[in-house]
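According to TrEMBL:
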- B:Cys78, B:Cys83, B:Cys119, B:Cys123: [2Fe-2S] cluster binding site (BINDING)
Amino acid sequence: MAESYHLLKRADFIFRNENDWEEILTKTIKRTPQDIINELISSELKGRGGAGFPTGLKWKITAEAKSAEKYVICNADEGEPGTFKDREILSRVPYKVLTAMAVCAHIIGSKKGIIYLRGEYHSLKEALEKTISEFEYYCKKIKLDFSIEVFMGSGAYICGEETALFESLEGHRGEPRNKPPYPTIKGYMDKPTVINNVETLAHTFTIFKYGAKKFYDLGVQFSRGTKLFSVSGDTPKPGIYELELGMSLQDFVNEFGDGDTKAVQVGGASGFLVPRKKFQETAIGYQGKLTGISLPTGGSMMIYNSSRSMFNVLDNYLEFFREESCGQCTPCRVGCQQLLIGIKAVKRGERPAQYLDKLLKLTETMQLTAKCGLGQSVANSFASIVENFREEMIY
Amino acid sequence: MDPIQSLIKELAVKHGRKRESLLPVLQGVVEQERYLSEHSMIEIARELDLPAAEVYGTATFYSFLEHRKMGRFIIRICKTISCSMKGKNQVLLAIQDMLKISTGETTPDGRFSLVETNCLGLCHKAPAMLINEEVYTDLTPEKVREILSDYMKK
Ligand code: SF4
Ligand code: FES
């Protein structure tokens, strides 16, 4: 029987101030790599950036790859509209992320870590570098040969895509590469690389400290542990909340809505819009056998009340994608432009309402043929908005 | 050697002359000059031994690596959905009104440039903007007028 979702439950691990990171680091690296990897695998932690790949497995594959040079990269290129959790982690508990990177390096056999920080977060750089130098000082003390560099992005959403991020680090335009090969085998500088989102790394700290069981016991089947949610839009409580995975969207709205919630965009502009009538059947977690629909999210939860025009929302998203498409492949480059032109033409009455169906077909093509997640995911928001709020697109 | 050439030399010494150094070098020039002129891009190409077209192609990919002359203070106001829902337009109008420029322009005295940008990761404190690296949130027309008058005195 499928496990059902649970009520909304708050948690406090990520921002809990732990002043024993030195102890955790020393203790953890004394364990065998195999032992740590097993613990991560049994916690069932999945990547918190949105894609949801099992973290333990990622570390394991990279550890097993044969290469004298390997890298640990922290993806702090948080650009998904509506997401602002990584900024908070890096400013409030950066040492958790650094500790996790060092443990990972120790396991896979790497000496070098890089934090790719988005250009928009330049103001965090100085404090972060200060923390890093204290951290490196401690690493030297315990004879751990590991250094971390902060690399600044320069304003490009696509660089959050891991292979585009490597291109950017290597001094090129941030254009995604073909996959496979995957970063675990051929990543930064074509060397085996673990690349994890900021939040994912912070969760591994929780696991090192409290054990896999503690983490596994939170959340629901296929969606274990807690997750940070960035809540914005029409809410009396905008902000960042750590919640157990697996709650229903209805419970989420009861807690964070303003009483007049019409729809919630789960997962940012590249995610899905859920209309009111589907709140009850929608759960927040990774794909799995939850009852009803289960939506993954990198944490962005944008709430819209009934005063909002869904046409404007879609228009804003499409403009975002049109600007942020790297332009490398035609379905995405041209597709994003045509979608934007198309919905405007329908709105103005220059095209009949049936034209929306043509545009939906176009998003299907993009989903199938675009090279990376950006072009593929435009279909998510487009279809979920157009199908649920068709009349708002027309009149 | 003109000042740009020596700046680029300095940056190349600091970051190295490998391809991986290109972004930090470009960023270093932008930090000083606020933009990348054709001259500086050619000089960077020379210094790092890269085709100038590669430097240009890379630089123009990133929205923070401006290649038009910019003012001393670059105002980047977020136009993505949360900010736009929370009154970004009124704030933008207040800025335009005060600086007497439109979006994309620079004041004649070369002090301020105004651009719109995508989500800054401050959606819970919308509307938000950056002035150079400085972060400003929960903006209102009044608040932004105050902020700008402070900058005008700088
Ligand atoms: S899908 Fe879009 S962003 Fe991705 S590679 Fe193609 S053009 Fe670039
Ligand atoms: S929408 Fe403006 S900061 Fe995110």
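Positions of Cβ are set from backbone N, Cα and C atoms, glycine also.
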Item checked: Against chain A, in sequence order - binding-site residues B:Cys78, B:Cys83, B:Cys119, B:Cys123 with Cβ under 8 Å -> B:Cys119, B:Cys123
Checklist line | Other CB atoms within 10 A, centred on B:Cys83 ([2Fe-2S] cluster binding site) | finding: 31
Note to self: Please list, in sequence order, the residues in the chain of B:Cys123 ([2Fe-2S] cluster binding site) that are at least six apart in sequence and whose C-beta is under 8 Å away from its C-beta.
What the structure shows: B:Thr80, B:Ser82, B:Cys83
Check: Is B:Cys83 ([2Fe-2S] cluster binding site) helix, strand or coil when read with DSSP?
Finding: helix
